[in-house]
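Have a look at the structure below, then the notes.
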């Protein structure tokens, strides 16, 4: 394949994802990585569609592969760090971003001024520190919390310095990364500011609107999150993650009927959704003391709940 | 007529003291361990007395000591995972392992070099439960038990429901003593269990000592909430706080006023406040 072919293929994947037909794009990309298993970009787009479907475990695997195949795939690194942060693999999330700045010709000089101790190889862990952790499961990774605060500070200092390189034209990627890093250390207020700044430059980035919404919700401001999710869904109506997050925001506002409605909506958008979405829906029904619906949602069959959807 | 519904067996109350020596510095684990084995094939001995599948409980006990020496671990939660993994791997008919431990807390004594090897027992107990099942991730529950704490002011109880049976007086200055029991589960196996335990304990201390308690219920919720904030790996916390009452002594029959300095601690009955606090669902970036 020539570079031109690759570029046109990437363009078609982008278009597929943009059109929001995730079922189709997932299938196409899953086939693509079977055909060209060493194509970092194909794995990256596959990771993207998994993440948009709220499937972080699958996204993580695809993005790990993408970064492993091409350690200089900076876009894949950002996506991977988000999935890692979502899965609470906080230290790895930071390590992946450290390699982003180190490998970025624009900012590598900044990175080189700092001492940052990576846990180990920045892609999938090479050796398990603990003998009892399953070798088959690369996502179980021993976290050594000693020194993690120091690392957090170091990496945030690095990216803050990078954000000051060109104050006239801020680099949205740097601010998105700062937003991710602030989420990792639960500084939601600062994360909100970084995401808002990046949105001024990329107002059509629906994933970014979702990041803003999720940060507001996690920072106990679910009411303010709603408009961010609506914006994300306006740009991409079949964005499952934003729809599910919208339900969670309502849940945090104790508006359980709207929470159930949006969760159910998200679940019905795909033939198979991750278990955690069903678990959340079940929890909402438990809070509502609707034992009948709890029983139904535990069966994880959306057709059983079809008629109940209108009740909410 | 009679059906064996379920069964498990093993060795209980195995006392272990394990030292990890780094030069002169000793790290200790002093605990009481119970390991129970589960599996369909163990039914046979209950039903017919056929023991061919039974791993003797004496072997279970020996294994605990062998693994304690052979393995390196940083917490007893990790040791519990190691135990589960060993029995499941070694005996193909073992389907599950329940390892329960109670760890005694020893604080370091003295200063400088003495601290390397001299300890004093503290009251609270660290509890550990690891349930392992073949082909599944182990389920770890950590806990703290018998943590006795007291504050002598900054606690009150007012505005409660009153009816014809109410005799309790409202107060904005009372003694609050409790014995904390807490158990918590995790959302990952990627945990520094020692740190999680410390965070839980410090969250209890911080809320207890630095906030005015409007009710035991309120304090319970705040303690759990702080621990969830500080330890992202903790998923659910179950807490039980008995209210160990200390009522102001009734001097009225002696015509003396109680100056709120003399109390009568009452062992029984105690209030009992319990609650389970779960992490709110997090929103994914």
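Using N, Cα and C of the backbone, Cβ positions are placed for all residues, glycine too.
Unlike curated records, TrEMBL annotations are generated automatically.
Computed from a predicted structure; not experimentally measured.
Neighbour count (other Cβ atoms within 10 Å of the Cβ, all protein chains): 19 for residue B:11 (active site, charge relay system). DSSP assigns residue B:11 (active site, charge relay system) to a strand in the three-state reduction. Under the heading active site, charge relay system, TrEMBL lists B:11 (among others).
When secondary structure is read from DSSP and collapsed to three states, residue B:57 (active site, charge relay system) falls in the helix class. If you look up TrEMBL, you'll see B:57 (among others) marked as active site, charge relay system.
Positions annotated as active site, charge relay system by TrEMBL: B:245 (among others). There are 18 other Cβ atoms within 10 Å of the Cβ belonging to residue B:245 (active site, charge relay system).
Look at residue B:174 (urate binding site): DSSP puts it in coil. Taking a C-beta cut-off of under 8 angstroms and a sequence separation of 6 or more, residue B:174 (urate binding site) has the following same-chain neighbours: B:153, B:155, B:156, B:157, B:246. The urate binding site annotation in TrEMBL covers B:57, B:58, B:157, B:174, B:216, B:217, B:243.
Residues annotated as O2 binding site in TrEMBL: B:57, B:243. All protein chains included, residue B:57 (active site, charge relay system) registers 16 other Cβ atoms within 10 Å of its own Cβ.
The 5-hydroxyisourate binding site annotation in TrEMBL covers B:57, B:157, B:174, B:216, B:217, B:243.
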Sort out the sequence-distant neighbours of residue B:217 (urate binding site) for me: same chain, 6+ apart, CB within less than 8 Å of its CB, listed by position.
B:273, B:275
From B:11, B:57, B:245, the active-site residues whose CA lies within 10 Å of that of residue B:216 (urate binding site):
none
With an 8 Å cut-off on Cβ-Cβ distance and a minimum sequence separation of at least 6, pull the same-chain contacts of residue B:58 (urate binding site), or say none.
B:11
Helix, strand or coil at residue B:157 (urate binding site) [DSSP, three-state]:
strand
Across all the protein chains here, work out how many other Cβ atoms are within 10 Å of the Cβ of residue B:216 (urate binding site).
20
For residue B:243 (urate binding site) and residue B:57 (active site, charge relay system), determine the Cα separation and express it in whole Å.
40
